[in-house]
Ligand code: NAP
């Protein structure tokens, strides 16, 4: 039996176990997906232990995504992003990957959004913002990064090809969005309260708007975007496709996307 899992703290409300186990059922794989909450001081030992026990693959979430970089052979994209969310134990040594970036791209493409040559605005420059900004830039988009702490946006823009850094002032966002095709919210705004990092007046019908927030599924930003006729992509699509990418890497099989999506949404 293959064992997969999630390293994080807390992981009690994670949607990954049902989503991945739905895929095992569909693929006829004898496998389990287990959650682990190691002490932060024990993260390296936890990864060594997982390898010794023959675990096939682990996802990694807050607060371990950065720490794990030092414990595995991280690939080039995960190294640039500075975070690992997927560990693959199927090779000689554990390798680290970041599937949030491709997860966001696949979520957009699934909604017929062209990311190549797109003019994108990424709001947020934390872990999700870094992944999305590198993913979009690698796919050929021009990326404007806007963040509450403006210096973090400038620092990230200096690392990402074809990127500029900005603050979150309404005038600046409105100017950036007037020419944009794609907007991604990669902040946590909209999760705790019915709030949005982007004023509704700055949105328009030519935009595709992806919100990384998936609890709630329908955020104020997505409601505002739908209100002006924009294409909307909720955060569950990004969550789905980061999981799809991890599963495909671990198993070498095509993931049963529909079954995973159905189960994920049933648990939200
Ligand atoms: P993080 O590293 O802590 O970064 C948080 C970001 O949100 C920073 O850019 C921060 O700006 C900004 N922010 C926080 N509160 C704000 C406020 N009141 N006003 C404006 N900006 C604010 O978190 P993360 O890991 O990037 O996660 C961000 C969100 O993405 C979370 O909701 C998470 O659940 C979601 N996410 C979703 C997926 C998915 O698959 N759908 C994957 C990863 C993350 P400062 O730099 O100024 O603090």
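Backbone N, Cα and C atoms are what each Cβ position is placed from, and that goes for glycine too.
Note: TrEMBL annotation is automatic and uncurated.
Predicted, not measured: the structure shown is a model, and the values here were computed from it.
Within the same chain, residues at least 6 positions away in sequence whose Cβ sits under 8 Å from that of residue 65 (active site, proton acceptor) are 83, 84, 85, 127. According to TrEMBL, the feature active site, proton acceptor maps to 65.
Annotation comment: TrEMBL describes 14, 15, 16, 61, 85, 100, 214, 242 as shikimate binding site. Neighbours of residue 61 (shikimate binding site), defined as other CB atoms within 10 A of its CB across all chains, total 17.
In sequence order, 104, 124, 128, 132, 184, 185, 186, 235, 238 constitute the residues six or more apart from residue 212 (NADP(+) binding site) in its chain with CB-CB distances below 8 Å. Taken from TrEMBL, the feature NADP(+) binding site covers 76, 124, 125, 126, 127, 128, 212, 235.
Residue counts for the domain 'Shikimate dehydrogenase substrate binding N-terminal' (6-87) under DSSP, helix first, then strand, then coil, are 37 helix, 16 strand, 29 coil. Residues or ranges marked as domain 'Shikimate dehydrogenase substrate binding N-terminal' by TrEMBL: 6-87.
What TrEMBL lists as domain 'Quinate/shikimate 5-dehydrogenase/glutamyl-tRNA reductase' is 114-188.
For the domain 'SDH C-terminal' (235-265), the number of residues in each DSSP class (helix H, G, I; strand E, B; coil) is 26 helix, 0 strand, 5 coil. For 235-265, the entry in TrEMBL reads domain 'SDH C-terminal'.
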Rounded inter-Cα distance in Å - residue 214 (shikimate binding site), residue 76 (NADP(+) binding site): 28
Contacting binding-site residues for ligand 1, chosen from 14, 16, 61, 76, 85 when the Cβ sits under 6 angstroms of any of its atoms: none
Recorded NADP(+) site residues 76, 124, 125, 126, 127, 128, 212, 235, farthest C-alpha pair in Å: 25
Diameter of the shikimate binding set by C-alpha atoms, the set being 14, 15, 16, 61, 85, 100, 214, 242, in angstrom: 17
Averaged pLDDT, computed only over the residues in the domain 'Quinate/shikimate 5-dehydrogenase/glutamyl-tRNA reductase' (114-188): 97
Neighbour-count leader, CB within 10 A, binding-site residues: 14, 16, 85, 242: 85
